[in-house]
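Take a look at the structure set out below.
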Amino acid sequence: MSAPILEMDIDPVWGDAIDWEDIASRAAEAAAKVAPELAHENLLVSVVLADDDEVHALNKQWRAKDKPTNVLSFPMLSREEVLHAAADEGAPGMLGDMILAHGVCTREAAEKGVSVETHATHLVVHGLLHLAGYDHELGEAEAEEMENLERKALALMGIADPYAVED
């Protein structure tokens, strides 16, 4: 299965006991199965596993939000350009950058009762969909479409629905 090429940069705070590159690669493969525009090895994604301070600074600079967030995505292409790049057999095109915050990811995983690996997998899928042009902040229909793609990708990896409400 083709998927975007991932270039990883992992801050030591994430540790080396877990194969984060493998987790991100499997997430990319699953995302490519549910969003065919990602099913191409001619798309390049930079994935940075950072600490909260780095994500906080980026979130403040680029989104005017003075706090860290779980994942930031910086697309390099419009939705139309993504679809065109996916059809191009030329050299890899830069889809964009994605940055995950370790502390936020760890806290959210604990709140959700899932492993950090599971939550990080979800965030990589979420970030890839943003880079492909999906945006849950555009409206309810867009949010539902994106969440459904996330659910499908995660289900392919045996990961439960992250949006399911527990009674």
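Each Cβ is built from the backbone N, Cα and C atoms, and glycine gets one as well.
Marked as Zn(2+) binding site by Swiss-Prot: His126, His130, His136. Following the DSSP three-state reduction, the secondary structure of His130 (Zn(2+) binding site) is helix. The Cβ of His130 (Zn(2+) binding site) lies under 8 Å from the Cβ of Ser73, Pro75, Met98, each on the same chain and at least six residues away in sequence.
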Fill in: Those binding-site residues listed as His126, His136, and which of them has the most Cβ atoms within 10 Å of its own Cβ
His126
Response to the item:
Once DSSP output is merged into helix, strand and coil, His136 (Zn(2+) binding site) belongs to helix
